[in-house]
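In Swiss-Prot this protein carries:
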DOMAIN    2-148  domain 'Globin'
MOD_RES   Ser4  phosphoserine
BINDING   His65  O2 binding site
BINDING   His65  nitrite binding site
MOD_RES   Thr68  phosphothreonine
BINDING   His94  heme b binding site
Amino acid sequence: MGLSDGEWQLVLNVWGKVEADLGGHGQEVLIRLFKGHPETLEKFDKFKHLKAEDEMRASEDLKKHGTTVLTALGGILKKRGQHAAELAPLAQSHATKHKIPVKYLEFISEAIIQVLQSKHPGDFGADAQAAMSKALELFRNDIAAKYKELGFQG
């Protein structure tokens, strides 16, 4: 399930584009997540009241949280699969405090892929998409394993 060096390079190349505008990308990812899977919005007390897309776009808190999410994910991706130290506190908080099911991580992974396809079509071809999908699946599988260790059935 691991990625080759070439696959990691494809992932990190497009991630460089994401880091140039973490807020914009993060906001777009969360909007796609909430619009595509409205049930996920219920996990966010800060954002539950945001029903319309224009309200979401106007929310600085949503943009800040999107930046936080993608900053954490970027730190994990840059570890090229050697992310146990970065993953542990994230799994802990998402299992015990936020209670985020693994299914929701699948949903946000889909949103990330869609945003990258939309914003960077020239840099996110089929090979890069496949590599990113694989990297996000590795992340989800490792989070799920940590959840199990913590006794969270998410």
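Glycine is treated like the rest: Cβ placed from N, Cα and C.
Feature map: Swiss-Prot annotations on the structure.
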residue: Ser4; record: phosphoserine; DSSP (3 states): coil
residue: His65; record: O2 binding site; DSSP (3 states): helix
residue: His94; record: heme b binding site; DSSP (3 states): helix
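Here the domain 'Globin' (2-148) has a mean pLDDT of 96 out of 100. Each residue contributes its Cα atom, and for the residue listed as 'phosphoserine' and the residue listed as 'phosphothreonine' those atoms are 27 Å apart. Counting only same-chain residues six or more apart in sequence, the Cβ atoms lying under 8 angstroms from the Cβ of Thr68 (phosphothreonine) belong to Gly26.
You'll find the Cα of the residue listed as 'O2 binding site' roughly 14 Å from the Cα of the residue listed as 'heme b binding site'. The most densely surrounded of the binding-site residues His65, His94, judged by C-beta neighbours within 10 angstroms, is His94.
Its Cβ placed at the centre, Ser4 (phosphoserine) has 10 other Cβ atoms within 10 Å.
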